[in-house]
Amino acid sequence: LTGVLDDCLCDIESIDDFNTFKIFPKIQKLQERDYFRYYKVNLKRPCPFWADDGHCSIKDCHVEPCPESKVPVGIKAGSSNKYSKAANNSKELEDCEQANKLGAVNSTLSNQSKEAFIDWARYDDSQDHFCELDGKMFKLFQNVCLICCLFKAKQVAANTHTIMSKLNTVCLTVCFLFTGESFYTWLEGLCLEKRVFYKLISGLHASINLHLCANYLLEETWGKPRWGPNVKEFTRRFDPMETKGEGPRRLKNLYFLYLIELRALSKVAPYFERAVVDLYTGNGHEDAESKALLLDIFRDTKSFRMHFDEKSMFAGDKKGAKSLKEEFRLHFKNISRIMDCVGCDKCRLWGKLQTQGLGTALKILFSEKEIQSLPENSPSKGFQLTRQEIVALVNAFGRLSTSIKELQNFKVLLQQTR
């Protein structure tokens, strides 16, 4: 797997080097920070497309919500839009908690908070989201520790096929008339935007496959399972001979997806460089270190010289471009809704996080003017990210970075077996 990727001017070797030596070590550290390790998610939404065939029967599929006592105060306190100290005023939090205990309604919010709420509501009403929002069911949200779920997810690796089967269903609705080379001939005849959509979904599919192969149940004796990379399974899913030439294309789409999210990180840097954003958890020292590390990653992303050029998308006449962008957005929104059809809770969690992360990346790429005009020392107007979107963006890119690192490991293992 070498050479230049289609629809961009970047080669695979450059991405490998950049990810291995710059991005991967730092993104791993960032994901361990409290701000990024807790994700608020609703795992109770019903499947909107077909009758759900039941949840995973294995006990390790279950996602255990974090006890409130273990969630940092700055994370459990605020709404999903709050990520600064000013927006998490401790006095207002105490008043609110006391009112909840008494069954009353707190009407003592400051004028600044009220103005922020109005801004957020106006923003949510007008923003073109790429993912399905759970706002009306916010009471069903629960805080989940991603590091805990990631470690235990290895125990249910075989169940990740549920996500892939749902994604396959989506892809088949697009390409069921074509097989093999005829499909790719048809795909190349499509406009750039539709090719990009297919590649993003295929890249996500490839990333999930790679994690499955890298954390495979190799042996289980006396109740002590042994997990690790499975070269045979990797070959079955990606070797050209085993996949009728599909495998290398799938892996190239993984690199393409990586480029898209990398570009989004470089574009959103000005949003986080402002002093008003401090990734608030309640621990001032850790918050400062988290932001410093995040800004360091942004500097690396901006130094990459072969970014995907998103300006080449939706570049036709205004009316046609607007219609195509809306079609693109709605199709991707359906992808995010399909994650509610996954039976395994851990698989559903990571499926929802990765699709929301990609949806956030797309939202960033198509909001460049709004990001450039952000005020320095006041709440965002015109463009804003919720805390869930921020956490999903970083962790989704972290999963892609890990996928590419795992691919390097498989290259070494394959060479050793020859």
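Cβ atoms are placed via backbone N, Cα and C, with glycine included.
Pulled from TrEMBL:
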- CYS344: active site, nucleophile (ACT_SITE)
- CYS347: active site (ACT_SITE)
- SER202, HIS205, ARG237: FAD binding site (BINDING)
- CYS56-CYS61: disulfide bond (DISULFID)
- CYS96-CYS131: disulfide bond (DISULFID)
- CYS344-CYS347: disulfide bond (DISULFID)
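Here the features listed in TrEMBL are painted onto the structure.
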residue	record	Cβ neighbours (10 Å)
CYS61	disulfide bond	20
SER202	FAD binding site	21
HIS205	FAD binding site	20
ARG237	FAD binding site	20
CYS344	active site, nucleophile	25
CYS347	active site	25
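Summarising the FAD site geometry, the residues cited as binding it (SER202, HIS205, ARG237) extend over a maximum Cα to Cα distance of 13 Å. Closest to HIS205 (FAD binding site) by Cα-Cα distance, out of the recorded positions CYS61, CYS344, CYS347, is CYS347.
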